């Protein structure tokens, strides 16, 4: 029997790319992994099972969207990942008014599960529920299913709370967590939410990608 979200494929997907990439030294979205830009790889991965086109939350002067709709933050000042989530909520309310929720993924985590949206949607029981991914005992709220209905509360909180800790905002709402197991590879278990922050991480990601390709 379908849950509150009857068809996870109809959840609008958003790439969060509003970070500064300071530890990488260059824009992470355009570094190459396996001969393919991260932007291309991640947009393709999240879009595989979604019927609604992927949108990109990034700065207005983003150099190349690769055809994705560009949705800059509705509140300027680089207020963190939740500013991108708010932007996605506002965009969804305008362009996909049928959708109760949207899904976000960051631009720097290339190995997240293909069925991410379906798994996050499973525990959702109401229009105000949030669902976030977890793995190895850690929360990954940037991999989240977010209700459009809490946009006003999120905007008020972003403008009022100078610390803007994600966990503090989540504490205001009903949050359901979905734990994802590690991925078995030829060189050991891989955290599905491994992210690329530094050049060394990119080197490791190439090793994981090669291992995944060798794994039966």
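Heads up, the Cβ atoms here are built off N, Cα and C, so glycines get one too.
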| said: If I go by Swiss-Prot, which of 7, 64, 73 binds GTP at the same site as 16, 17, 18, 28, 57, 108? | reply: 73
| Span of the GTP site, taken as the largest CA to CA distance across 16, 17, 18, 28, 57, 73, 108 (Å, rounded to a whole number) | 18
| remark: So residue 18 (GTP binding site), by the Cβ count within 10 Å over all chains shown, scores 21
| field | CB contacts for residue 73 (GTP binding site) [other CB atoms within 10 A, all chains] | value | 20
| note | The number of other Cβ atoms within 10 Å of the Cβ of residue 108 (GTP binding site), counted over all protein chains shown, is 24
